[in-house]
Amino acid sequence: PRVCVVGSGPAGFYTAQHILKHHGGAQVDIYEKLPVPFGLVRFGVAPDHPEVKNVINTFTQTARSERCAYYGNVTVGRDVTVPELRQAYHAVVLSYGAEDNRVLGVPGENLSGVYSARAFVGWYNGLPENRDLKPDLSCETALILGHGNVALDIARILLSPLQLLRKTDITDSSLAALACSKVKRVWLVGRRGPLQVAFTIKELREMINLPGARAVLDPADFTGLENAVKDAPRPRKRLTELMMKTALEKPVEVQAVAAGAAAPREWGLKFQRSPQEVLPSADGRRARGIRMALTRLEGSGDSAKAIPTGDVEELECGLVLSSIGYRSLPLDPAVPFDSQRGVIPNSSGRVEGVPGLYCSGWVKRGPTGVIITTMNDSFDTAQSVLEDLQGGVLDISPSREGFGLVESILRSRGVRPVSFSDWEKIDAAEVARGKAAGKPREKIVDPAEMLRIIGH
């Protein structure tokens, strides 16, 4: 059987890995629109979390298998359509993730100084489409809308001492911009309360222990939570207890400031506030603050809803980052898509109404969870493919040409795919450039330069 996987992030690689491991004859081709593989492991994981990127070693082993091939620089839906892939392969798995962000839907969100978390993370991580972002870091106060791990990542990058970032694979240009940054206060704002935050304890602890930055948490936000948290699941309990402990501690810096030392950078969590409007500067061009509706919670736990109380509050800030979630987009008119939920309608990864078409990862279940969540989800889809091969649901008696057919289509459209050994040349160039600067790598952010390196 010939199987094609669209997207080379964790979902694509884990799907391929599982099929190759459990079917001795399957051949899997992975297509990726960028020349370089690994999706959000490369472009989403924070530069100061190198250990999370270790899965790249496993993915590299998969890609080097003689039954696996990687074709980068191929945009499915444009360079080759899904119906064309279905003619070339017995099964097609869509694992292309969530390449857009949810919008706030409030007045002023298009002012300069307002960015999506997705674009900002892409900028410091070297995602080609965000390389020209040039965020304005000339203000003292930044406000991040969202209480997830991505929001904490951004806060940490904004407030981290430069010497910590210099040793990471953060891009050269974003390092230069952060070196001139005036930001010294970051507020993380959420519509709901401390019991509904989506970040995890590891990320919170890292933020609390960040050198040169102090946490500003209001003890009043945690009043009466001791009882509510008693019956909560253990991770939620530990997370809330850490926030409570931090809110009640008197920081050492207070004495230092009293003694005349400069105030350090600071960050804090604000709860039960929902953005109503980004307020414009006098010339109407840029953000100068945000108006928020105060909310009250109806219900409890994860299902609690934030209801506006009618009261509002304004907060001055020159930088607004919206970290309210990523969003998948439809890829090809031939593929059903639920635009309300932003997923491909499916059952255990089998795309509804289209036999032989599957999906895995964020486009299958929505943009939530960490790499391990995606791994389990992808194994689940791969299992569906294997079951359909075994049960004869997928007819493999007509032989399919696989890449042979796709290659002639791509050639006729002037598209030259990038192989995995091409990527390894780009990888070697990045590592060499990084070595010169004392970093693990210096990412190349321009696809044209990537293609020049491999002589395309």
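Sequential numbering from 1, following the chain as shown.
Backbone N, Cα and C atoms are what each Cβ position is placed from, and that goes for glycine too.
A TrEMBL annotation is a machine prediction, not a hand-curated record.
Over in TrEMBL, the protein carries these features:
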type: DOMAIN; residues: 2-158; note: domain 'FAD/NAD(P)-binding'
type: BINDING; residues: Ala11, Glu32, Leu40, Val76, Trp362, Gly369, Val370, Ile371; note: FAD binding site
type: BINDING; residues: His147, Gly148, Asn149, Val150, Arg191, Arg192, Glu203, Gly369; note: NADP(+) binding site
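TrEMBL feature annotations superimposed on the structure.
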residue	record	CB count, 10 Å
Ala11	FAD binding site	31
Leu40	FAD binding site	22
Val76	FAD binding site	23
Gly148	NADP(+) binding site	20
Asn149	NADP(+) binding site	19
Val150	NADP(+) binding site	23
Glu203	NADP(+) binding site	20
Trp362	FAD binding site	29
Gly369	FAD binding site	14
Ile371	FAD binding site	17
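Gly369 (FAD binding site) sits 20 Å from Arg191 (NADP(+) binding site), taking the CA atoms of both as reference points. Long-range Cβ contacts of Glu32 (FAD binding site) within its own chain (separation 6+, distance under 8 Å): Gly7, Ser8, Gly12, Gly39, Tyr70, Tyr71, Gly72, Asn73, Val74. Rounded to a whole number, the C-alpha distance linking Val370 (FAD binding site) with Asn149 (NADP(+) binding site) is 10 angstrom. Among the residues the record lists as binding FAD, namely Ala11, Glu32, Leu40, Val76, Trp362, Gly369, Val370, Ile371, the two farthest apart have Cα atoms separated by 25 Å.
Over the domain 'FAD/NAD(P)-binding' (2-158), the average per-residue pLDDT in this prediction is 97. Of all residue pairs in His147, Gly148, Asn149, Val150, Arg191, Arg192, Glu203, Gly369, the annotated binders of NADP(+), the farthest apart have Cα atoms separated by 20 Å. Other Cβ atoms within 10 Å of the Cβ of Val370 (FAD binding site), summed over all protein chains shown, number 12. Spacing of Trp362 (FAD binding site) relative to His147 (NADP(+) binding site) is 19 Å (Cα to Cα, whole number). When Cα-Cα distances from Ile371 (FAD binding site) are compared across the binding-site residues His147, Asn149, Arg191, Arg192, Glu203, the shortest belongs to Asn149. Counting in whole angstrom, Arg191 (NADP(+) binding site) lies 37 from Val76 (FAD binding site) by their C-alpha atoms. Shown in sequence order, His147, Phe271, Gln272, Thr295, Leu297, Ala304, Ala306 are the residues of the chain, 6+ apart in sequence, with a C-beta less than 8 angstroms from the C-beta of Arg192 (NADP(+) binding site). Across the structure, Val150 (NADP(+) binding site) and Leu40 (FAD binding site) place their CA atoms 12 angstrom apart. With respect to Gly148 (NADP(+) binding site), the closest of these binding-site residues in Cα terms is Leu40, chosen from Ala11, Leu40, Val76.
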